[in-house]
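Below is one structure, written out as structure tokens; the observations come after it.
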Amino acid sequence: MEQTQDGGNLSGVHHIILVLSGKGGVGKSTISTEIALALRHAGKKVGILDVDLCGPSIPRMLNAQSKDVHQCDSGWVPVYVDQEKSISLMSIGFLLEKPDDAVVWRGPKKNALIKQFVSDVAWGDLDFLIIDTPPGTSDEHISTVDALRPFNPMGALLVTTPQAVSVGDVRRELTFCKKTGLRVIGIVENMSGYVCPHCTECTNIFSKGGGEELARLSGVPFLGCVPLDPLLSQSLEQGKDLMQEFPNSAAYPAISSITRQILDMASPQS
């Protein structure tokens with residue numbers, strides 16, 4: 001257990017991972033979703049907390065957008081994505097009257113909901129809780145880190161794309177982690193090359209190696225590259241499990257490798 005005190009609704013959660021990105025559109029929610037699915041295939045019980053309040057996309061990625069959140073004595077009961085109840089999900093997307101409603105809130109109201117999400121969701125026993133955060137470094141990130149600090153999170157996973165502008169934003173994310181005392185468990189480079197669906201050749205549309213070079217210079221682990229893969233996009237659009245439905249996907253081995261490294265890091269703490 002990572003918690004050092006009675007954690008209330010988080011007392012049964014063994015490892016907490018925050019997924020961060022310096023800018024929007026780098027596939028942070030995609031990586032959060034795929035790692036959660038891969039952890040489930042490794043026999044782990046996983047929760048996903050979607051605190052990207054203005055862009056809650058994970059319910060759709062897991063084909064759970066039509067499900068409802070219920071109340072219990074301990075607070076909110078998360079939505080279970082599968083029949084085995086091995087993946088549970090909480091998102092503001094479940095609390096909106098209409099899926100297309102915009103969240104037009106000022107900072108204090110957002111921060112209050114984040115704190116409520118951290119304290120009032122009845123997760124039960126989980127091996128991993130993955131927290132999908134908004135892009136950038138804002139009030140919401142500070143509120144999330146502060147609310148989780150008593151529970152000693154495993155650390156932050158930083159997602160970037162190969163372009164220099166994205167890598168530069170991740171540098172600021174590294175500074176944020178350092179200032180808030182949040183351990184960085186690794187960097188993932190997403191959209192790293194395009195895999196042709198016909199010949200499976202990988203072409204570097206943007207560039208390559210920016211995330212790995214940043215990890216080397218910063219002294220943090222580089223967990224791997226995930227290519228642009230039409231099958232990965234298809235699985236997310238259809239709300240399907242990539243590893244189950246598309247085992248020949250080019251992204252499959254990359255996601256599997258990243259997940260194995262996370263499991264290896266977590267095992268000494270279990």
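Just so it is clear, glycine is given a Cβ too, placed from its N, Cα and C backbone atoms.
Record features (Swiss-Prot):
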- Gly22, Lys23, Gly24, Gly25, Val26, Gly27, Lys28, Ser29: ATP binding site (BINDING)
- Cys196, Cys199: [4Fe-4S] cluster binding site (BINDING)
Using all protein chains shown, find which of the binding-site residues Gly24, Gly25, Gly27 scores highest when you count other CB atoms within 10 A of its CB. Gly27
When you average the Cβ positions of Gly22, Lys23, Gly24, Gly25, Val26, Gly27, Lys28, Ser29 for the ATP site, which other residues in that chain have a Cβ within 8 Å of that mean position? Ser21, Pro135, Val159, Thr161, Ser166
Since the record lists Cys196, Cys199 as binding-site residues, which of them has the fewest other Cβ atoms within 10 Å of its Cβ? Cys199
Distance [Cα-Cα, Å, rounded] between Lys28 (ATP binding site) and Cys196 ([4Fe-4S] cluster binding site): 23
Among all protein chains shown, how many Cβ atoms are found within 10 Å of the Cβ of Val26 (ATP binding site), not counting that one? 23
What whole-number Å value do you get for the CA-CA distance of Gly22 (ATP binding site) and Cys196 ([4Fe-4S] cluster binding site)? 28
Could you list the residues of the same chain, at least six apart in sequence, whose Cβ is under 8 A from the Cβ of Lys23 (ATP binding site)? Pro135, Gly136, Val165, Ser166, Asp169
In chain order, residues whose C-beta lies under 8 angstroms from the C-beta of Ser29 (ATP binding site), counting only those at least six residues away in the same chain, are Asp50, Asp52, Gly55, Ser57, Ile58, Met61, Asp132
Pairwise Cα distance for Gly24 (ATP binding site)/Cys196 ([4Fe-4S] cluster binding site) [Å, integer]: 25
